[in-house]
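Below is one structure, written out as structure tokens, with a few remarks after it.
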């Protein structure tokens, strides 16, 4: 009898992706974060679906509907906090996943890498529109400030902002369309994630040594399914600790106040996972320049395959670039910290230095260190 999973038209696809997939035998736990991102997406879609059953996207009732979910719906408080903190877990996994891709040179698989960048941008868009939905003070003013950035685009900026708002300010029309976007985007992310996997399985996965591993492959199941399961259990453990013991630790206190267009919060800031980009935006005094820097802070990831001139794959045997990489990570943490600080001395100066360092490392220092290491190999 033929094995069903190898011959059935649908099961065959699953088999080649998750069961009989030839996988390098030496991939470490840093490769777990792809499956963890998949798990985060499933959690977000499921919890979001149950929240959407009780949420109303109207400016007069949105805030009270969130309060109703937490107070009156069975385990509504848990679903809400799993969804809110699940977003933070999603971005933690996302940052580690991208960081691992940079460290181990996964950007040489350019199609997979570029779809990954699209996924990153789509996830950021989803998180942004989702943050507006509770209609608290920070939701409202965050939406106002960030959407207003589009007015920096020459000629069409103001029209574009009013088109997105659906009026002359952030109001009912904005909230309704943001809810619609927040509902549909995760499914688009899921579709892109499948394309991401498709391209990855065309070339095969990278491995920590950066060497060709064709001669040393093992089946994905049971070796990496069990390894992924361990990662998933650890992720769920951290998520449950966050949701049950520290549910509001990553939120903003201003969001416990209903949105009020007549009262501006002292410090408008986005969620913690956007702070690095927000710090870069604020570091440039010119509005259009700030918006361009903000967009480039993410799109510069697409430059990694173009700027790669190293003769070695990944940073495992490249000590000079390793040092620069860890300076880059430290710099990102500094930017995240600065993004949450008020716009005053010395924070503005530190932010400007960190922003310049961010782009300098990627555009200048990494290619220079690649050249140095290439010359060392020749010695």
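A Cβ is built for glycine as well, from the same backbone N, Cα and C atoms used for every other residue.
Features of the protein shown, as given by Swiss-Prot:
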- 33-53: transmembrane segment (TRANSMEM)
- 77-98: transmembrane segment (TRANSMEM)
- 83, 182: heme b b562 binding site (BINDING)
- 97, 196: heme b b566 binding site (BINDING)
- 113-133: transmembrane segment (TRANSMEM)
- 178-198: transmembrane segment (TRANSMEM)
- 201: ubiquinone binding site (BINDING)
- 226-246: transmembrane segment (TRANSMEM)
- 288-308: transmembrane segment (TRANSMEM)
- 320-340: transmembrane segment (TRANSMEM)
- 347-367: transmembrane segment (TRANSMEM)
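Relative to the transmembrane segment (113-133), the listed stretch 288-308 leads the set 77-98, 288-308, 320-340 in CB pairs under 8 A. Around residue 83 (heme b b562 binding site), the same-chain residues at least 6 positions away in sequence with a Cβ under 8 Å from its Cβ are 44, 47, 48, 51.
Rounded to the nearest whole angstrom, the C-alpha distance between residue 182 (heme b b562 binding site) and residue 196 (heme b b566 binding site) is 21.
With a 10 A radius on its CB, the residue listed as 'ubiquinone binding site' counts 14 other CB atoms from all the protein chains. Between the transmembrane segment (77-98) and the stretches 33-53, 226-246, 288-308, 347-367, it is 33-53 that has the most C-beta pairs under 8 angstroms. Nonlocal intrachain contacts for the transmembrane segment (226-246), taken as residues 6+ away from its ends with a CB within less than 8 angstroms of a stretch CB, comprise 29, 32-33, 35-36, 39-40, 43, 78, 81-82, 85-86, 88-89, 93. Here the transmembrane segment (178-198) sits against the transmembrane segment (33-53); at least 3 CB pairs are under 8 Å, leaving out pairs fewer than 6 apart in sequence.
Around residue 196 (heme b b566 binding site), the same-chain residues six or more apart in sequence whose CB sits under 8 Å from its CB are 112, 115, 116, 119, listed in sequence order. When the Cα atoms are compared, residue 201 (ubiquinone binding site) and residue 97 (heme b b566 binding site) turn out to be 17 Å apart.
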